[in-house]
C-alpha cells in the first residue's frame, strides 16, 4: 500500500482527503490512529515506527487473515464430511432468519 501519491500535484492535495475510511464504522478508528502516527513521525520514518498500526489498518481493509481463517474452516468441514465424521445436513450451520438484524 502506497502512502503517498505517485504524482504529487495541487489537484492531488485537494482531492486526497475525499477518499478515506472515516465514514465507515469498521476501519475509521484504525485509519485515524495510523494517520496520527504517520503525521507525528513523517511518512518515511513512520513506515518503521507505525508498522503495527499500518498492518492493522491493512488487515481491516483487506481482511486477508479473516478470509484465510474462513477457508481453513470450510476445508476442515469438507474433510470431516468426506471422512464420514459429519453428515451432509450438518456440513454448515443454519443461516439466520431474514429479519435477524
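Residue numbering: from 1, along the chain as shown.
Glycine is no exception: its Cβ is also placed from the backbone N, Cα and C atoms.
According to TrEMBL, the disulfide bond annotation covers 27-60 (among others). The Cβ neighbour count for residue 27 (disulfide bond), using a 10 Å radius over every protein chain in view, is 18.
Under the heading disulfide bond, TrEMBL lists 37-50 (among others).
Here the disulfide-bonded residues are 37, 50, 60, and the one with the most other Cβ atoms within 10 Å of its Cβ is 50. Cα separation, residue 27 (disulfide bond) to residue 37 (disulfide bond), rounded: 16 Å.
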